Structure formats: C-alpha cells, structure tokens
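Before any comments, here is the structure.
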Amino acid sequence: MAAMASTAFAPSVSSTTNKLFDSSFHGAPMSPSLLRLQPIKSSRPNNLSISASASPPYDLNTFKFDPIKESIVSREMTRRYMTDMITYADTDVVVVGAGSAGLSCAYELSKNPNIQIAIIEQSVSPGGGAWLGGQLFSAMVVRKPAHIFLDELGIDYDEQDNYVVIKHAALFTSTIMSKLLARPNVKLFNAVAAEDLIVKGGRVGGVVTNWALVSMNHDTQSCMDPNVMEAKVVVSSCGHDGPFGATGVKRLKSIGMIEEVPGMKALDMNSAEDAIVRLTREVVPGMIVTGMEVAEIDGAPRMGPTFGAMMISGQKAAHLALKSLGQPNALDGTYVGGVHPELILAAADSAETADA
C-alpha cells in the first residue's frame, strides 16, 4: 500500500532574496567556481559545533551493556504493539500509504492533539518513492511555494527562482517521519497491508488489515483471515498504479462506488502538480484521496520527479479530514493560527477532471 529524521546541517545565509547565481535552467553557462552548489537558504541558524577530537561519553575499551532477559525484550515489544492495536482499532483517521503525501497528511493532522491518526504502510520501510529523486538520483526538487512546508520542518535546501533543491530526498523523508512519529497521537503500522475497505450504508468506515507478508501470499496459503480498523475518515494515499498502487480507488471501482479509474496521463509537470492539489478531495463519503492516486482516478498527468504537490496534496487532505470531523481547518476559515499560503492556494473544492 505504499504511495508512493535527521536534519541536514549546512551553512546558513542571510536573505531569501539573494541568489548565489543566475539560474542555468534555460542553458546559461555557469562559472566553474559555481559548479559546486552551496545552500543559499537555511530554515534556521547553524549552531552545531563538532570537534574531531570529541570522544563518546563512555569507555569503548571496557564498554558493557546492562544485563537483560530475552523474555523481557519479547514482552516489551508484544505488550506495546498489542496495546497500539487495541487503541487504534477504532480511530479518527486512518492514512493508507506512508509516502510523501501520506506522511504530509498525517503530519498536518497530528498538529491537532485531539485527533488520533493511524498510518498503514505495507512496506517495512515507509516513505514510498521519497527516499530518492528521479531516476534513483539523490536530490529532491520542490517547486515554490511548497518550500514553506520545508521551512516548517527545518530542512535545508538550495534556493533557485521558482524552486528549491534538497541535497538528498532522504532528508525530507527521515525528518518528517521523526517529527511525526514522536507525537503521541500517531501510530505507524508498517509491514501491514490494507486489504479492503469497511463500507456501511454507502460510507467508508475503515480498513481491513493484514500482515503484508500474509497479504502477498494468499495464493499459496488458505484461511488467513484479516483484521479490521474502524475510522471516521480514511485517507487513501496509495500512489500510482502498480502491485500495491492506487488500491484504494481500484477497490472503490470494483465494488461500484465509483465508475472508473482511467489512470494517469503522460508527464506534464506544470499542469500535473496543480491538478493533484486541486483535485485532492473526498471522492466518496468517508474516503479522501491524495497524492498520485488522485491522478489515477482523474486521468491527470503524471508529474515526474517533483515532490511539492505530494506535500501540499497531503496537507489539503488533512484539512479535508479535519473539516469532515468538524474540527478547525484551513479550508473553511476556522483554522486557528497561521495558515500557509500554499494551503490557501490548495483550498479549491473543484472536482473538475484535469485536462492533459
């Protein structure tokens, strides 16, 4: 069901308006001295001081761990996990898919301490495709104004006229995960698949879950019944089509709740990212679709290796969920506190199919 925390410490600079060099986007040659890009924008001052002679706070020659019984380790893991399963068996929001859209959605939701969020991720490693940029390269490109979200997370980047570049995509994914999972109202269930939906009276009311390895082997074994997780709102962020992709909307089609899943169209970055954010919505009662799964249900273009729409689509999905729950949100003007400019841009309710 994949949709798709350490922060980079780099030299900070003064103004967001200063440019290190004129963008070479249109082919202008760069000076050799500028071929090694340096960050020209940092979200916070760099107060880190590292000494090469610093030693660990213990003697590495005589180090020994405190003793422990093996059964204690087993009990600690089992007790805590089972407690989480009991706690989140009936929850406010289930986010299916922990890619960049799903993580951004859960992060935004978790700011409200009254909302309980469960994240279901079929992979052992959450993050979806957001551990790398395009073609397995390292850098992550984010178009403005989505960089405001990166500022909130405290992630450094190189700033250009209309976009920013994080030196490694893993910095975004690890940072948002570490901040998100530290919050008391969030639980990530990774290596867990959402096999089906709970539907009552025409409304999605939760998900049917199973261990991911069990879900992948139903053809080889029998009698491996699932479990369930009820939720007031389900956010489907299962990514584009694939073995575990777009499974939320594909299931809606198979049970007759939507008419078709036309699939995403050919790549067009400019129209794709705007369309993904604009078309993020509650597609059937109780189920919100976000991220690249939006392109699958609406026939919007694919965006390729740019990630801003994933973040802002996730944020919009969170505020749609808050609205559904009767909580303050940025879409109807009831949100308390500062609202990101990009969320105002994302507040359109139009469900118009994108024209590729």
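Count begins at 1; order follows the chain as displayed.
Cβ coordinates are placed from backbone N, Cα and C, and glycine is handled just like the others.
Per Swiss-Prot, the candidate among H218, H240, H319 that belongs to the substrate site alongside A101, E121, Q122, G129, A194, D225, M292, R302, M303, G304 is H240.
The recorded positions considered are A101, C223; of these, C223 has the fewest other C-beta atoms within 10 angstroms of its C-beta. The distance from the Cα of Q122 (substrate binding site) to the Cα of C223 (2,3-didehydroalanine (Cys)) comes to 20 Å. In three-state terms derived from DSSP, A101 (substrate binding site) belongs to a helical segment. The CA atom of A194 (substrate binding site) is located 17 Å away from the CA atom of C223 (2,3-didehydroalanine (Cys)).
Annotated pair G304 (substrate binding site) and C223 (2,3-didehydroalanine (Cys)), C-alpha to C-alpha distance, rounded: 40 Å.
In the three-state DSSP reading, A194 (substrate binding site) counts as strand.
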